């Protein structure tokens, strides 16, 4: 680690006083920068790690009209001092921060231009310019000729009267003021109450392009540097940053405390973090190799809400050290729970920031799902300490590798911390099948795109979607499966050691994995087909002759795929399979376009030339009652279809002895069948028949997949005559499961010991109550009424609360709703508030829903971080769906500007509200919405809107083609025998 870097106390105070004195004139400007509609110019982006940066100027546009930095300058270090004001200005009512920054950079190519990112900062003029330039080590700097801010591309532009010389180092100094807003980006403000007293936290979220809102910087991932931080903060508060604090003392002149921190390792700007708060912490024992601290509100720490996170962080950190065979690079790991935070968590190196729900746990009020979420998020963020922080993507187009990898190994890390959960299996439901529904759209996108296609901040934010996280994790899991996990981990270790503190592109990882496997061919041949083209294959097996084929799977087979693929939407597919319950020899299904490659020894990952097939695999030919089931454990990212006879044999097996089929593959059969039916590959009746055996099923995963897929039917038909028999069928199917858990829990007085059984219990109650089982509805109501009588003692088990709150509020009226709202506002832990927040959306009273919608745009009632989630929850309520759609359209300008066109949650909002759309009227409304907002654009929601259009059109066709058959099937099969 680098030594602590100190600056002169006099300089620190003088610089910040200058900023403070300029507030009156500067702050008025800081909130009026307009974000004009940007022009995305095609440039070659900055490089890093594997090759030097390059930028091509595109005429006639000036360099500051491009969104990418040129390759002429490279940052070395920053010296930053910031002073956040935790009280609003009496004159303006605004919260602000002042600061100074000195960035040392090296000139790589002679240039008379400095471009550095700056967004929504007011820079104090120094000798008539926005910054001061000095030379280092004897270098003579040219004079500044002109300087200005370029709001569209978010640059501070500095023109010089001479050239900076290659090989020389210079320092650029600036004083500035910014607003400490509540917009959840950059250096921002979070608030909470202790009794009636409001407390303010100054905190950060730099990813992806918000560091430039905190101080002028070269804000690209490949522009790594060392950061020296100093924070001025009120007495009685504590300051945190990426490094350990190395100096803390009071300043008489300003009546504040000044804290300096160890220099960071060389790292990207998006990983920088700093916090000023009145929080408290718990820590790991003295003498541990790595200091681990859990920070949160004092009340949360006193109540032990950080204990579980502290208990599991150490073991997970040790797991990853062994997995990567590389020590954790820092000497401390601070983890802090923030009342307001846009994402789930952020992997800032040495100071990980979390939503409270992702870090804090209370045995009295948190569920097993809450505990699982905490373990998973901690594991995800700690995985980034190596993969993402130590070695970083060169540009955002490879974000999928960062986030997909952390998502995949988060299951391994969490499983190591909670080995009784069998947690690694859940990736199939939580990631693989979740994202397949998106990737089966013609409007999906590849994992990796060209750098020049991702330029604007809104385009970068749009990448933070389920394809980037979930599909990438599924593909990497598949890769690990066919390489084997030890080989996969060995390749990762050499990759990390080779590129530590640098930047890479995804091909660098493939090369190291290939070397670890001692393969005779480039792994890129296989993997490019999975990352450079969108979608995934449907593998079709005919067991009458062993014939096997593949094609691009689309939920709407009539949709037009207008995105070309050099691989013609064919894949090289690893096939694992079983025959009548017995594992068989795996093989590869090659794409037709790769026949020439396959004929070489290049693809013989399974060391048998006969294991490669493109059309016929004789062992797949079945006789008698034998059946085939491919993609065992859903280790591959594809769906499977069979000939009719094999489907019938699988259905027979399910009905006679379903446990012969592995539990994951029972879930697979259900999910594949329903999705194939939506794609018109099999009949809808066949898909529905996969649920008939569920009366005997007691495992969580098959029930979860059945619930999700029948949930689509409810979305399509809960406003039609199909709803009655459909609900009756579900009630009939779930009753045995409901009775089973009622018996083994002694009439709901106990909780099952097994982790997944606890989930199944919740699913049994949820489905039974939603389908109208009378005793279930009475049970929910009685529990909730008991709580209303004694609000200080909640009798409902935490596992069941979200389900019970929803059911009771759906059955109740304004009295129940008002009570739940009061409990929401008084909830002592965020996870309990989140359950109530969801339950409140379940009311069937339109006027209460309308009231709740107005609360969503009032940060005093619903935190900004929760507003879009609340609206999406309301859209899941058949009564609320049209209300929230009308509300969002009426308030779109406010929502767009308040959350910003680059908000992570923008896409989720559109996707959630439009899920039920299935009529021509709703399609026209959606098209009109797009037209009305074409001028200002839809920001990071643009892709979600395109997917909503495609999904709505597919829903309309599917309902028209299937409604009559579905109605008849549910009518016939809902009758009690």
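Positions of Cβ are set from backbone N, Cα and C atoms, glycine also.
Note that the structure is a prediction, hence the values are computed from the model and not measured.
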Which range is it, out of 18-39, 40-61, that shows up in TrEMBL as region 'Disordered'?
40-61
Hey, how far is residue 384 (Zn(2+) binding site) from residue 469 (site 'Transition state stabilizer'), Cα to Cα, in Å?
13
Checking the recorded positions 380, 381, 403, which are within 10 Å of residue 469 (site 'Transition state stabilizer') at the Cα level?
403
Counting every protein chain present, what is the number of Cβ atoms, excluding its own, within 10 Å of the Cβ of residue 380 (Zn(2+) binding site)?
27
Report, as a single number, how many Cβ atoms besides its own are within 10 Å of the Cβ of residue 403 (Zn(2+) binding site).
25
Between residue 381 (active site, proton acceptor) and residue 403 (Zn(2+) binding site), how far is it from one CA atom to the other, in Å?
10
Could you please provide the mean pLDDT value for the domain 'ERAP1-like C-terminal' (627-953)?
93
Excluding 380, 384, 403, please set out which residues of the same chain place their CB within 8 Å of the center of the CB atoms of the Zn(2+) site, keeping sequence order.
347, 381, 383, 387, 388, 402, 405, 406, 407, 410
For the recorded positions 381, 469, work out the Cβ neighbour count at 10 Å and name the residue with the minimum.
469
